[in-house]
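To keep things clear, I will list the structure first and then write my remarks on it.
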Amino acid sequence: MPSYTVTVATGSQWFAGTDDYVYITLVGTEGCSERTLLDKPLYNDFERGAIDSYDVKVGEHLGDVVLVKIEKKKYWMQDDWYCRYVTIKTPCGDYVEFPCFRWLVDDKEVVLRDGRAFLPQDDKTSIVKQHRQKELDQRRKTYRWKEWQPGFPLSIDANKHRDLPRDIQFDSEKGVDFILNYSKAIENLCVNSFMNMFQSSWSDFADFEKIFVRIKNTISEYVMEHWKEDFMFGYQFLNGCNPVLICKCTKLPDKFPVTNEMVSVSLERDLTLEQEIKAGNIFIADYDMLEGINANPTDPYTQQYLAAPMCLLYKNLRNKILPIAIQLGQDPDENPIFLPTDGQYDWLLAKIWVRSADFQHHQNVTHLLRTHLMTEVFGIAMFRQLPAVHPAFKLLIPHIRFTIAINTKAREQLICECGIFDKANATGGGGHIQLVQKAMKTLTFRSFCFPDMIKSRGMDSTEELPTYFYRDDGYKVWEATKSFVSDVIRIYYTSDERVQEDEEIQAFVKDVCSFGMQDFDHCEFPKSLKTRDELIEYLTVIIFTASSQHAAVNFGQLYLGMYPDEHFIEKPVKDAMGKFRKELAEITRSIKRRNEEKKLPYYNMSPDKIPNSVAV
């Protein structure tokens, strides 16, 4: 009687093991096994982190094993179980891997295909075609679109984290509670005694400096020493947490009537302002998106304000970016222009207003909208339109890890009515909603393509701006990511026609545009892809947005190039992953060498600091 050896790996995260009954059925091209209970006498099966093996006897050879059905039935009480993978050793001695990486909850079953990736047009037998379609049908019922706020990208249909499918919820040890984390952060910074100051006026700049008494490292100490200085203010536009707003100024806008007489004392090349503009030495940061956004009204005892400033910046002879003029509103008739020659505190306060506006833009647009919410759109469409056997699913799933969960937590505790934003942010109380809605009206697909985004702002010349490390490091990581995606995609798509024939990838792209982005014409998201190059760029955008771009404005835990869950089993793909890791390691080394002698090192785009996904 033929016997198959079944090896089952249980996850290592908390509560991954189970005491429930686990059954397996092997489905082959020539027959099926009996439904078999996996149980060894006097042994505690399926413990956390365990790898257990069992013999499954069959009456006759099953042919090629194409599916594995796993069922979990209640023993005493429902006990969820996380299965990492199943490996089958055939009577001939061959091994077949079946990746799972899923939770089995209640009395439900999962049906797995072997770990090889297949395009839909490559499935030839009815049994695998039916399985593929059944998986998508079930996913579309589970992962539903919902409009959380008008004018937002659509999100997952779940009001609370516990309403999400178990597979995309946080692991127990990764579970996040914004309120607890916020309180802990406040405690760690020793600002409990200053919390009342966040909701009222400060009497002295020393109050601000006292907040950071617990932060002790070279960079923070250097920043605290120089935060009032113009060079530090300008540096943040290039390499701070919001390095995406500064643009080359080719013509002064009428709403910002800066004259040569106003700024000539700040110019170092014996050129007029107009000549400096033509020479490419003038830059501008315009926060017009904040115009008309309501300030936080939730605290009746504290009047809060928002500004929509414009800041003119100058590249001096030492290639430092310095502010030379600030206007705190969009209407020049109502807003004077502040200059470095003004009183010390007038100029300092003008810069603080710009920093405040930059914070609002960063948190709501650069961070929330352009990384968190957009990655969720890609993630939902992926689950709805790409089965686990699709190579694009295997490529993207590590970069979607926990994104939908963190966003659901945010809607539940952070950006909801009476959430943390309302308590601690000047755009709370609805202003943050208005800001995202306004930003959506100018959001385009091309703006997520890193080289296009840099070039559209006139910031692509390394000669003109040699200290724009966000750009330089971002270029390297973008190209390494794109090269990796290309290596993988060309394994499965041997021609452009293969892309056009792939109904699932076309449905994925259309779902993103027609549902996730609500078919907004101005967004110009593609509704179909015709070539391999288009597909490579599209997938690169998703991975880069979820990992590198998010890292540049935040931080994370599982780093780029790390794939602990082996969704791919093919050697060519594993070779591509190895090549990708080597390229990232070289980029990391080059960034480290550059930073060695810098007082303000830039590590945000260093691959060893880039998380795989938007999970924080």
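The backbone N, Cα and C atoms fix where each Cβ goes, glycine too.
No curator has checked TrEMBL annotations; they are predicted automatically.
What TrEMBL says about this one:
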- 2-118: domain 'PLAT' (DOMAIN)
- GLY17, ASP79, ASP80: Ca(2+) 1 binding site (BINDING)
- ASP39: Ca(2+) 2 binding site (BINDING)
- TRP103: site 'Essential for stabilizing binding to COTL1' (SITE)
- 117-563: domain 'Lipoxygenase' (DOMAIN)
- HIS367, HIS372, HIS550: Fe cation binding site (BINDING)
- 564-616: domain 'Lipoxygenase' (DOMAIN)
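Among the binding-site residues ASP80, HIS372, the residue whose Cβ has the fewest other Cβ atoms within 10 Å is ASP80. Straight-line distance linking the Cα atoms of GLY17 (Ca(2+) 1 binding site) and HIS372 (Fe cation binding site), rounded to a whole number, equals 31 Å. In this structure the C-alpha atoms belonging to ASP79 (Ca(2+) 1 binding site) and HIS550 (Fe cation binding site) are separated by 35 Å.
Geometry remark: HIS372 (Fe cation binding site) versus ASP39 (Ca(2+) 2 binding site), CA distance 43 Å. Calculated from their C-alpha atoms, the gap between HIS550 (Fe cation binding site) and ASP39 (Ca(2+) 2 binding site) amounts to 45 Å.
Every protein chain considered, the tally of other Cβ atoms within 10 Å of the Cβ of ASP79 (Ca(2+) 1 binding site) stands at 17.
The two recorded residues, ASP39 (Ca(2+) 2 binding site) and ASP80 (Ca(2+) 1 binding site), show a Cα separation of 17 Å. According to DSSP, the secondary structure content of the domain 'PLAT' (2-118) in residues is 0 helix, 59 strand, 58 coil. Ranking the binding-site residues HIS367, HIS550 by C-beta neighbours within 10 Å puts HIS550 at the top. A 10 Å cutoff on Cβ-Cβ distances gives the residue listed as 'Ca(2+) 2 binding site' a total of 13 other Cβ atoms nearby, all chains included.
A 10 Å cutoff on Cβ-Cβ distances gives GLY17 (Ca(2+) 1 binding site) a total of 21 other Cβ atoms nearby, all chains included.
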